[in-house]
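What follows is one structure encoded as C-alpha cells, with my remarks underneath.
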Amino acid sequence: MNLVRPLSRAASSVTYSCPARSLAQTLLSCLTGDRLRHLLPAAHARAVISEGLRDLFLANLLLRGYSKLGLLHDARRLFDGMLHRNLVSWSSAISMYAQHGGDEQALVLFAAFRRSFDEMPNEFLLASVLRACTQSRAVHFGEQVHDTALKLGLDVNIYVGTALITLYAKVACMDAAIRVFHTLPAKSPVTWTAVITGYSQIGEGGLALDLFQKMGVQGVRPDRFVLASAVSACSALAFLQGGRQIHGYTYRCGAVMDASVINALMDLYCKCSRPLMARKLFDRTENLNLVSWTTMIAGYMQNSLDAEAMDMFWQMCQAGWQPDVFACTSILNSCGSLEAIWQGRQIHAHAIKANLDTDEYIKNALIDMYNKCDHLTAARAVFDALAHDDAVSYNAMIEGYARQGDLTEALHVFRRMRYCSIRPNLLTFVSLLGVSSFQSAIELSKQIHGLIIKSGTSADLYMGSALIDAYSKCSLVDDAKAVFLLMHNRDLVVWNAMIFGHAQNEQGEEAVKLFSQLRASGVTPNEFTFVALVTVASNLASMFHGQQFHAQIIRAGADSNPHVTNALIDMYAKSGFIKEGWLLFESTCGKDVVCWNSMILTYAQHGHAEEALRVFQLMREARLEPNYVTIVGVLTACAHAGLVDEGLHHFNSMKTKYGIEPGIEHYASVVNLLGRSGKLHSAKEFIERMPIKPAAAVWRSLLSACCLFGDVEIGRYAAEMALLVDPSDSGPYVLLSNIYASKGLWADVQKLRLRMDYAGTMKEPGIVGLR
C-alpha cells in the first residue's frame, strides 16, 4: 500500500471537458443499478486514455463506484494516483474501508488526512471514522475524534452523535453515551436504537425500557432494530408482560415479520419459561434464519427440555442449516444432561469438520458433556488437546473429577492450573470443597479454606454455603458454625446449608433453634429448608417436631413439592407411623420414583413384605420405571417374607427387564434372602460367583444368617472373608462370637476376644436409650 503524500488540491470549481462530463453522467446513471460492475472498468480505462482523471468530480465518482463494489485494492490505487483530492475524496476512501472491514486502514487514512489536508473534516467523514473505531474497539482513537467533533461543533450533528453513541455503547461506556444522547437536538430511530441496545447489553433493562417509552412519547416510530432491542431488555428483566405488549405492537405495525424481532421474542418467551409460546411463534414464521433455530434450541435447553432440544437440532440439520458455535454449545449441554454420549460424539465430529472445536465455548461444552456422560478419559483428552489459559476449562475438568469423587486427579488439575498462573475462581474452590468433603478429607478442606481467604472470596455467600456444607460433611459442625457466624447478609442458601449441617450430624435441637432464628430474621423458608427440618424430625424420631413442621409446610404451600413429600413419608415411617405415611402417599399427586421408593422401603424395613410388593405392583401399573433403589426395596421385602423364588426372579431380570446393573446392595440383599431361608451353602456359592469383588457388607449378610441358624463352619469362613476386606470392622468379631456362644464354644469365644484385642479393634457401644 502506497504511503499518502501531501498533494496540491484543486479548486472547488472545475471546468469539465466534454468526455469527462459524458463519463460522469454515465457513471451517475448506473451507480444505483446493476450495470456498474461491467461499466466501471471500461469507464476508468476511458478516463485514463482521455486524461479525464484530471477531472476531480469524475475521479471521485470512479472512487465511489469501486467502493460500492467492494474493490478496495482498485479503489486505493485510484486514490493514491489522484493528482488532486478534496474532502469528498478522503471521505469516500475512509468510508469505503469502514464499510468493508478495513478499520485499521480507515484510521491510518484519517491520520494521514489530518497531516496532509488543511480543510476540516465534515460530519460524514467523522461518522465513517467513528464507525471504524467502533468495529475495531479503538476507544482511545474514538475519544480523539470526539474531541475534534467538539471543537468543530459537530458533536450535536445527528450522524456524528449517533456514531459516538454507538461507539461508547459498544464498549459499555454508557455514561458517555447518554451524555452525547442528551446533547443531540434531533434523534433518529438509529440514535434511539444505539442507546437502548447499549443499556440492554450491559443488563440495564429498566433504563432501556424507560428510553423506549420516552421514544414513543416523543412520537418517534420504532424500527425493527429498536423493537428487537426493547424485547431483549424485557428478556434481561424476565418482564413477560412488557414483552407481550411489544409483541402486540409489532403485529399492529407489521414489524413482526422481521427475523430479528421474531428471534428476540422467542428468546423472551424461553427465558420467561414459556417455551410453548416460543415454539408457536417459530412454527408460524416463514423467514426463519440460523439465529431462529439456535434461539429455539437454546430455549429448550434452558428450560430443561433436552429431548425437545435434540429433536429441534436434528430438524435444523435436515433443513440444510449448518450448526454454528451457539447451536453446538447448547446441544452439547443437552447431550450432557441426557447422558446422550452417541449424539455428543456426533456433535464433536461436526465441530472438528467445521473447525469449531478450538472455540472456547465449544471446548468447554465438550469437556462438560463428556464429564456428565461419565467419559472422563474423553473429557481429559479434549482438555489436554485444547485447554489453554482458560479458568473455565480447568473448572470443568475439576468438576468432572469431583463428580466421580476422584480427589487425586482433581488436585492434579488444580496444581497444573496454579502452575500455569491461572487464577482459581469461586467455582474452582466450590468443586474442590465438594470432592474433599465427599472424601472426608478434613485437612485438605482446611487448606482450601486458607486459599479461599487469600483469594478474597471467603465473604461470598455462595462460597460460604459451600464451606459450611464441606465442614458439616466432615463432622466439623463447630467450624461450619464459625463460618456461618462470620457471614453478613445471609441468604436462604446459607441458612439452609447450616440447618442441613446440623441435621446431617444429628444435632436436631440446634437445627430447630436455627430455624427459629431464620423465621425471626424475616427470611422465608423454601422447600429445601423444610426437607432439612423433616430430616431432623426423622433422625430424632420425634413426631412432636415432625407434625409441627408438617403443619408449617402446609401453611407455606410447600406440601405439593415432591422432595418435601418424600421427606415427610420417610419421617412418618421412621417414627413408626406407617399408616400416616401411606395416607400422605395416597394423597400425593404426580408421584415420582423417589416417592414410590420411600413407601416400598418403609414397608420392607418394617417387615410388611406383602404391602411393599403390592406398592411395587402399583408402581408398575402406573407405568413408572423402577430404579436401583426400587429393586433394593423389593429384594428386602422378599427376604423378610421368605419369597426366595420371587426375589431371585426380580434380581435376575433387573438388568434385562429394566436395564439396571446390579450393585453391592443388590448382591447383599440376595445373600440375605438366601441366608434367611436357611440356604447358607447357596448363599456362599452365590457370593463366590459374584462378578464384582464382594464388599464386607455382603459377607456380613451371610454371617448374620449363620448366626441365625448357628452354622459355625460357614460363619467362621464368612467372618474371615469380611475381615480381609475391612480388618477394622468389629461387626464380624461380634457376630462370630455370638455363634460360638450359642454353641457353647467358650474357648473359641475367648480366642476371638484376644484376637480382637490384638488387632486393636474396639466394639462400638450400644445405644441404651434416646433423650
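Even glycines carry a Cβ here, placed using N, Cα and C.
Sequence annotations record features per position, and here TrEMBL assigns repeat 'PPR' to 55-89 (among others).
As annotated by TrEMBL, repeat 'PPR' applies to 188-222 (among others). Nonlocal intrachain contacts for the repeat 'PPR' (188-222), taken as residues 6+ away from its ends with a CB within less than 8 angstroms of a stretch CB, comprise 158, 161-162, 165-166, 168-170, 172, 174, 177-178, 181, 229-230, 232-237, 239, 242, 253.
The repeat 'PPR' annotation in TrEMBL covers 289-323 (among others). Only residues 6 or more beyond the boundaries of the repeat 'PPR' (289-323), in the same chain, are considered here, and those with a CB under 8 A from a CB of the stretch are 259, 262-263, 266-267, 269-271, 273, 275, 278-279, 282, 330-331, 333-335, 337-338, 340, 343, 347, 350, 354.
According to DSSP, the secondary structure content of the repeat 'PPR' (390-424) in residues is 26 helix, 0 strand, 9 coil. Here TrEMBL flags 390-424 (among others) as repeat 'PPR'.
Among the features that TrEMBL reports, repeat 'PPR' is placed at 491-525 (among others). Here the repeat 'PPR' (491-525) has Cβ contacts under 8 Å with residues 461-462, 464-466, 468-469, 471-473, 475, 477, 480-481, 484, 532-533, 535-537, 539-540, 542, 545, 556 of the same chain, all six or more residues outside its ends.
Positions annotated as repeat 'PPR' by TrEMBL: 592-626 (among others). Note on the repeat 'PPR' (592-626): residues 562-563, 565-566, 569-570, 573, 576, 578, 581-582, 585, 632-634, 636-638, 640-641, 643, 646, 658, 660 of its chain, located 6 or more positions outside it, place their CB under 8 angstroms from a CB of the stretch.
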Integer average pLDDT (0 to 100) for the repeat 'PPR' (188-222): 83
